[in-house]
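Working notes for the structure below.
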Amino acid sequence: MSNRGASLKGLFLAVLLVSNTLLTKEGVTSLPICPIGSVNCQVSLGELFDRAVKLSHYIHYLSSEIFNEFDERYAQGRGFITKAVNGCHTSSLTTPEDKEQAQQIHHEDLLNLVVGVLRSWNDPLIHLASEVQRIKEAPDTILWKAVEIEEQNKRLLEGMEKIVGRVHSGDAGNEIYSHWDGLPSLQLADEDSRLFAFYNLLHCLRRDSHKIDNYLKVLKCRLIHDSNC
């Protein structure tokens, strides 16, 4: 096996170990949603929201960590932050800027928006996890976080689709999402341009994961605790 292959195998083992440790600490994987072999298992909406909120918080934590690490290692002195304003592919989706704005939106619309943002990240996260391996001397900590975020975003999307199906009467909502066409930017030959593309994508990921985290807390408070939070 090549050194790179051995390194990647070790990376994925590290992903499993660290993610299981962190998720267990957060209480996300403490119990299966339904016991194996159970029939007609019905998980409460409150429990579904508990898991979604914990998972979204974990994703935002990882997104902040990977952005900060990338910023410190590759972005210093390059002026990336001044160019990274309003450059997110999800900007086409009208999203509340904070909890106060989110509280003004009907819960079904806010649920659809959460699902739409999560769907919008499916494709870019898949390519982030693969293309980040091509960055010169990329540390394993950045690599495994990219892989882990992609996996956990899929888990959160699946959980949110269950919540939407439970909350919505009849129609499970429109399949809204924002298309991402940034793969060529992650493969540019010019190093500065390529690194900025990664920086901008991670900057947007941190921003959107924070929004999702806030929206889910608002939704949980409204739907589970009757806004008494």
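Any Cβ shown, glycine's included, is placed from N, Cα and C.
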Please name the cysteine among Cys34, Cys41, Cys204 that Swiss-Prot pairs with Cys88 through a disulfide bond. Cys204
Pick out which of Cys41, Cys221 Swiss-Prot lists as the disulfide partner of Cys229. Cys221
Taking all protein chains shown into account, the Cβ-based neighbour count within 10 Å for Cys221 (disulfide bond) is 17
Determine the most Cβ-crowded residue among the disulfide-bonded residues Cys88, Cys204, Cys229, using a 10 Å radius around each Cβ and all protein chains in the structure. Cys204
Assigned element (helix, strand, coil) containing Cys88 (disulfide bond), judged by DSSP: coil
Cys221 (disulfide bond) and Cys88 (disulfide bond), compared by Cα position, are separated in whole Å by 28
For Cys204 (disulfide bond): DSSP state (helix, strand, coil): helix
At the Cα level, what's the spacing in Å between Cys229 (disulfide bond) and Cys204 (disulfide bond), rounded? 29
